[in-house]
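Participant: Got these off Swiss-Prot a minute ago, pasting:
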BINDING   Cys34, Cys39, Cys45, Ser273  [4Fe-4S] cluster 1 binding site
BINDING   Cys60, Cys64, Cys67  [4Fe-4S] cluster 2 binding site
DOMAIN    46-262  domain 'Radical SAM core'
Amino acid sequence: MRSKPDWLKVKMPTGDTFYQMRNLMKLYKLNTVCEEAACPNVGECWNKKHATVMILGSTCTRACAFCNVATGIPDKLDPHEPQNLAKAINSLKLHHVVITSVDRDDLPDGGAGHFVECIEEIRKRDDNITIEILTPDFLNKHGAIDKIAAVAPDVYNHNVETVPRLYARIRPKARYFHSLYLLKAVKYKNPKIFTKSGIMVGLGETKEEIYQVMDDLRSADVDFITIGQYLQPTPKHAVVDRYVTPEEFDHYKYVAYSKGFLMVASGPLVRSSYHAEEDFQKLKQNRTAMLMRAESNSI
């Protein structure tokens, strides 16, 4: 495994709030992608009481070459998970929550119904909490998209992860254009939902391929794009092709805004839910400003 440049080195997680968060997740038997995927930002985020909860168990039915989450035959769904999630959020007094999941290709709806139950349970306790969900592709199972659009999370996120040319090696069980369809369908069925997608760089893609992904996401009416450095979790995972410089990330950010995204997060340590609460507020402000400009131009 290649040594990391200085701009990717982070401090070991510590602090009272960090341990409080970890203990609370254990108390309510909740999984987090922060731990399962070995996110480099876990210390910073947990000390701010930001966490991305991972529902539908801790075992994924796929084995993507970039992901550190365990794969295999998953356990049965925990019927108490929605209630436990809502209790934990209430205990932490969160204002914005991010929910993601493993892939559950074994379930009839891919797990979409469980996302709905979690969202409804959270809103029963506090309907002022804003909710962002990061979902798998549900294997294009019937009714999954309708369920998600109907429950209306504030932000719907589904990551394309990499450029189409690398899918066979990096995401062999996924299809790039199905991911685009999923994002476009959610926006079409409920235009009020902010849509979001992310891509990793440093896997061997070219700049031109990144620009094409940006264009494809804008064609799918995606509002928010995240761009971050791929980091190899273990020697068994896909090898890092190169470390993209902070200056290149700044360039990607400039290009993405020029293509019409409402919000862009681009940097070496950017992940799907990094600074999610702050970015959601900026996203709302940017949409309001865009609508005001459009109204002004129509007068």
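Placement of Cβ uses the backbone N, Cα and C atoms for every residue, glycine included.
Map these features onto the structure and tell me what's around them.
Facilitator: All protein chains included, Ser273 ([4Fe-4S] cluster 1 binding site) registers 28 other Cβ atoms within 10 Å of its own Cβ.
In three-state terms derived from DSSP, Cys67 ([4Fe-4S] cluster 2 binding site) belongs to neither a helical nor a strand segment and is classed as coil.
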Participant: Where does Ser273 ([4Fe-4S] cluster 1 binding site) sit in DSSP terms: helix, strand, or coil?
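Facilitator: In the DSSP reduction, Ser273 ([4Fe-4S] cluster 1 binding site) maps to coil.
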Participant: When the pLDDT values for the domain 'Radical SAM core' (46-262) are averaged, what is the result?
Facilitator: 93
Participant: If you skip the near sequence neighbours and keep only those at least six away, which residues in the chain come within under 8 angstroms of Cys60 ([4Fe-4S] cluster 2 binding site), Cβ to Cβ?
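Facilitator: Expected: Cys67, Val69, Ala70, Thr71, Gly72, Pro74, Val102, Asp103.
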Participant: Express the distance between the Cα positions of Cys64 ([4Fe-4S] cluster 2 binding site) and Ser273 ([4Fe-4S] cluster 1 binding site) as a whole number of Å.
Facilitator: 19
Participant: Within 10 Å of the Cβ of Cys67 ([4Fe-4S] cluster 2 binding site), how many other Cβ atoms are there?
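Facilitator: That number is 22.
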